[in-house]
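The structure appears below as structure tokens.
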2 protein chains.
Amino acid sequence: MAMENLKTFLFSLCSAAAVGIVAVIFVLRWVLHYKEGLAWDGGLAEFNWHPVLMVTGFVFLQGMAIIVYRLPWTWTYSKVTMKFIHAGLHFVAFVLAVISTVAVFDFHNAAKIPNMYSLHSWLGLAILLLHCLQLVLGFGLFLLPVAPMAWRAAFMPLHVYTGHFVFTSVIAVTLMGITEKLIFGLRNPAYKDSPAEAVFVNVLGVLLVAFGALILWIATRASWKRPSDQLLHTLHTSGGGEDPKALSQLSEESAAGDVRRRSNKLEDQVH
Amino acid sequence: MAMENLKTFLFSLCSAAAVGIVAVIFVLRWVLHYKEGLAWDGGLAEFNWHPVLMVTGFVFLQGMAIIVYRLPWTWTYSKVTMKFIHAGLHFVAFVLAVISTVAVFDFHNAAKIPNMYSLHSWLGLAILLLHCLQLVLGFGLFLLPVAPMAWRAAFMPLHVYTGHFVFTSVIAVTLMGITEKLIFGLRNPAYKDSPAEAVFVNVLGVLLVAFGALILWIATRASWKRPSDQLLHTLHTSGGGEDPKALSQLSEESAAGDVRRRSNKLEDQVH
């Protein structure tokens, strides 16, 4: 990466990390300072795990998982190591999202509030299931050494697109959740009277949008990819549909390289 | 475009158009059947223009504007003609969004409800202003024959990214608006009791997400671009950061080609 390009990358990365960390601090301050704190008691303090774990796991960790291949200091690591870090971060994000979902079901059941009535809940559960499917398919296709190399090449653009779609949708669903909670949770003064909590949590929403925008900016700049992936990207995007044979050949070579590196790695670990 | 690729494109395009049109029908049925209908009276029937114009203009027309360069039967038209169609659709979308915003301010003022207190309103207004900026900059840089060709090349990736960001954000903000309206608008039975209107409008929300996903899928498949844009894309994505000189040279040639075509076109119109 040229120096000028590297500087822009590092600036974008630091901005994304800073905005993401501030968002996590904001959601913690929201539930600890303005709300009932955190507990696992079936009450409002259990509900509060829902925004905390969604922002920390499904937004922040998932965002980091998406851009982990872009970090230039990891380009000397084997691709399979990075795949494990990518999958691991997504897995932790998924587990936190599941716990977060259990918290809100528990709270609803204890308070006799119906489950799954809102657009927020419909889209949220759909995206959680899609993220799970993406995890399973991603693991089976790109980490287990069983999938034919042509399948990997064919599936990669869909994997990337679905990943960006899930991440974007998670932020959109979080914004809907913030809206619901501010309407239901604020009485005297109500949301429309703009108490301090309302303004504070609106700012959290703005931070989440900024975080999403920065992560997707980093993820979609092709010149910030791992050098080995840039060649593949060029063929994907310029050759797609016109010369699938050349594409799949290159992908086979690249994937075969992965397998070789993986077996080297395994030998390293055994020896 | 190869035949197989063309079929997939047409299937995606028809799906996007169908889902978008069904979403417009849904928002119309929502306000005409379940709500107070449409009027310009400062009351709820004026508010109802807000969702109708946002879904029709800012979501559907803006989505079409984004993919208008992808239609293979337009590839024989000059690029500048397509730019005018692209900019024209975005401009109509913007005008409808402004009228839609006026409707909700009118309604709030008449009903003594504060303006601009919600996250929906903050993000919505910010995105409307960003869309306006994008329109003005896009017009000045890519349609007026004044911007240096190197600027056009440098600005294009940001123009595309910002366009996708605005479109995605509009859908996210619309989902927040639906959430607000279902909570405030449904009493006895309330939103949580899942009356028919709640389920119907939740489905509208799902349709909007599906429409956004299809439009962004179409927009981000490089092999579905205008053939003249594919070469530029390849250099943008594979050369970016490594060889900016080659990129800017090619862009100058391409942009110069645009200018030549534009002057030809003008001559065609004059003669």
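Every residue gets a Cβ built from N, Cα and C, even glycine.
The transmembrane segment feature in TrEMBL is assigned to A:9-32 (among others). Sequence-remote contacts of a segment are chain residues at least 6 beyond its ends whose Cβ falls under 8 Å from one of its Cβ atoms, and for the transmembrane segment (A:9-32) they are 1, 38, 48, 51-52, 55-56, 59-60, 63-64, 67, 70-72, 197, 200-201, 203-204, 207-208, 210-211, 214-215, 217-218, 221, 224.
The annotation domain 'Cytochrome b561' is assigned in TrEMBL to A:15-220.
Positions annotated as transmembrane segment by TrEMBL: A:52-72 (among others).
Remote same-chain partners of the transmembrane segment (A:84-105), defined as residues 6 or more beyond its termini with a Cβ less than 8 Å from a stretch Cβ, comprise 40, 46-50, 52-54, 56-58, 61-62, 64-65, 68-69, 74, 115, 124-125, 128, 131-132, 134-135, 138-139, 143. Annotation source TrEMBL lists transmembrane segment at A:84-105 (among others).
Long-range contacts of the transmembrane segment (A:125-146) within the same chain: residues 58, 62, 80, 83-84, 87, 90-91, 93-94, 97-98, 101, 116, 152, 155-156, 159, 162-163, 165-166, 169-170, 173, 259, 262, each at least 6 residues beyond the stretch ends and with a Cβ under 8 Å from a Cβ of the stretch. According to TrEMBL, the transmembrane segment annotation covers A:125-146 (among others).
Away from its own ends, the transmembrane segment (A:158-178) comes close to residues 50-51, 54-55, 58-59, 62-63, 66, 118-120, 123-124, 127, 130-131, 134, 137-138, 141-142, 201, 204-205, 208-209, 211-212, 215-216, 219-220 of its chain (Cβ-Cβ under 8 Å, at least six residues beyond either end). The transmembrane segment feature in TrEMBL is assigned to A:158-178 (among others).
Residues 9, 12-13, 15-16, 19-20, 22-23, 26-27, 29-30, 34, 55, 59-60, 63, 66-67, 70, 164, 167-168, 171, 174-175, 178, 181-182, 186, 191 of the same chain lie 6+ residues outside the transmembrane segment (A:198-219) yet bring a C-beta within less than 8 angstroms of a C-beta in it. Positions annotated as transmembrane segment by TrEMBL: A:198-219 (among others).
Sequence annotations record features per position, and here TrEMBL assigns region 'Disordered' to A:238-271.
Summarising the annotation, TrEMBL assigns compositional bias 'Basic and acidic residues' to A:258-271.
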